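Enquirer: Take this structure, written in structure tokens, and hold onto it; I'll ask about it next.
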């Protein structure tokens, strides 16, 4: 979704001066890309010899959007309570739910149905069925340590751009540098892939084969740094005194960080 949105913005289809255009494009793209979501999740699931494909399809259709929607709903309730005109009307909320259940969920199921009929992706190597004993690991191969180290590089790649994006969102300035943003996004993808591959290689060299969640969290931990940076930005750059405004800021940054976590983690895992 992010890639296609960026290409559209890059080619000039989405004007930055039309604030809602970007958001609408992202939502519609997200809804229609349910097809790809179902397809790719089921293909990956089959690779890991999974059998309950209906369960995984349901999780694909609900897990991410439900988290985002619940945070969004709570924040919107707070704005309603303040009698603000900035709140999303109830009708729009219903429309969002209808888009999600009416278009996105069926498309995820269609995609997974197509994915089920495809042949399973074959591993390039044979792995033994018997799990080996994992030897004593060096201190720097501690999961927590290597996961936290892995997040620094991808975050460093987007840091400067992040500053401009936050400024354009929270200080009412326009964001025009979509070409530059696209390059930064490509650098982010490459960095996530490389750092995960390197740390996974170190891990396998020390005979620890449990790479699945490690690989996801290694690049995904950059989202933690993103949230910490958002907090730093809040206290140094913004003059927000009302508690509701503060909650809104951190709520929206939580949504952004969570999306960033899913994005970078997935890149790392696939790599």
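Backbone N, Cα and C define each Cβ position, glycine as well.
According to TrEMBL, the protein carries these features:
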TRANSMEM  29-48  transmembrane segment
TRANSMEM  60-81  transmembrane segment
TRANSMEM  87-110  transmembrane segment
TRANSMEM  147-171  transmembrane segment
TRANSMEM  177-204  transmembrane segment
TRANSMEM  216-235  transmembrane segment
TRANSMEM  247-270  transmembrane segment
Enquirer: Among 29-48, 60-81, 87-110, 177-204, 247-270, which stretch has the most Cβ pairs under 8 Å to the transmembrane segment (147-171)?
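Expert: Checked against 29-48, 60-81, 87-110, 177-204, 247-270; highest Cβ contact count belongs to 177-204.
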Enquirer: State the residues, same chain only, that lie 6 or more residues beyond the ends of the transmembrane segment (177-204) and have a CB under 8 A from a CB inside it; answer 'none' if no residue qualifies.
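Expert: Sequence-remote neighbours of the transmembrane segment (177-204) are 2-3, 6-7, 9-10, 16, 141, 146, 149-150, 153-154, 157-158, 161, 164-165, 211, 214-215, 218-219, 222, 264, 267-271.
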Enquirer: When you scan the chain for residues with a C-beta under 8 Å from the transmembrane segment (247-270), skipping those not six or more beyond its ends, what do you find?
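Expert: For the transmembrane segment (247-270), the nonlocal Cβ contacts are 2, 64, 67-68, 71-72, 74-75, 78-79, 150, 154, 170, 188-189, 192-193, 195-196, 212, 215-220, 222-224, 226-227, 230-231, 234, 238, 240.
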